[in-house]
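> Have a look at this one.
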């Protein structure tokens, strides 16, 4: 009887410890959300990650917590022009890859696979944990059987952001010369080929793009426009974050239905559920106190797994360029954005500061002006 009592006591204590751990994690997540990613985040993150998982790469260049400089002047200036002598730091790139692998594996996390889900399965949305979705037959049919990046490795990769800083850059030819080209949010390329190139190996598509760029497919004209854009991908990977928020459910299903109905030649991928938090965790441990990683930062983090050298274009979260000329938020539309707004889910200038630091150390190359040979 005494042995049985001790067993019950041990089980109760174990449950209590587990409860306290999860309560602590929830409190930290709430604190991060309420503070906008500043102040006490570093100590909070250190309590969640063991010493062996802490990154050693110097990204912010100091031991003090990273805070957004609201003037942005200290962040955006002194980027070397494309013609400056930038040298790839292979040792640092490999170290970053190994550290990121402690948090995620892009080969696996780039997409949920068909063998892990079946039609009717219930999934909790990442940002709306109280809301759920059922895996539809269309979604199931489009899940890849194996990772689209299984055993893939590329010499050079271009990640093309959508900033208006690309306009008049003449970077199109340079971008297309890379082994693997990643683009964001179905950004148009044909009309801007001189500056952004045409080659696409992977393109992301946030569900909100369907609303913003294709008028929620309200009629046949808009459906045809989206269909033409999808057909132009011609075998590329279409990366659709389907499990983020419930607001995107219908839009994801519309796209899935179009792809199946019209036999569009794309390789669909739907990122794993842990991916976003894993990416965020990596950057937080490097004192880059982001709220929610942007698509560009997500793509860079994933690309470290399968790219030897990474080149970034169109990453510029400021309304003026280095010469104080106006810069559009997107190179292809007139959308406005408050880069430093507390209401924004992203901290773009802070992300840029981290990428700029990695550029200076040779881990990646950041191009924010004209490319070599541009006329």
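Just so it is clear, glycine is given a Cβ too, placed from its N, Cα and C backbone atoms.
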> In Swiss-Prot, the CMP-N-acetyl-beta-neuraminate site includes 162, 294, 295, 296, 316, 329, 330. Which of 151, 185, 286, 308 does it also list there?
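Matched candidate out of 151, 185, 286, 308, per Swiss-Prot for CMP-N-acetyl-beta-neuraminate with 162, 294, 295, 296, 316, 329, 330: 185.
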> Rank aside, I only need the closest one: which of the recorded positions 89, 134, 157, 219 has its C-alpha nearest to that of residue 329 (CMP-N-acetyl-beta-neuraminate binding site)?
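Spatially nearest to residue 329 (CMP-N-acetyl-beta-neuraminate binding site) by Cα position is 157.
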> So what's the mean pLDDT when you look at the topological domain 'Lumenal' (24-375)?
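Mean pLDDT for the topological domain 'Lumenal' (24-375): 85.
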> Give me the Cα-Cα distance between residue 296 (CMP-N-acetyl-beta-neuraminate binding site) and residue 171 (disulfide bond), rounded to a whole Å.
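Residue 171 (disulfide bond) has its Cα 18 Å from the Cα of residue 296 (CMP-N-acetyl-beta-neuraminate binding site).
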> Can you see whether DSSP assigns residue 185 (CMP-N-acetyl-beta-neuraminate binding site) to helix, strand or coil?
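Residue 185 (CMP-N-acetyl-beta-neuraminate binding site) sits in coil per DSSP, no helix or strand.
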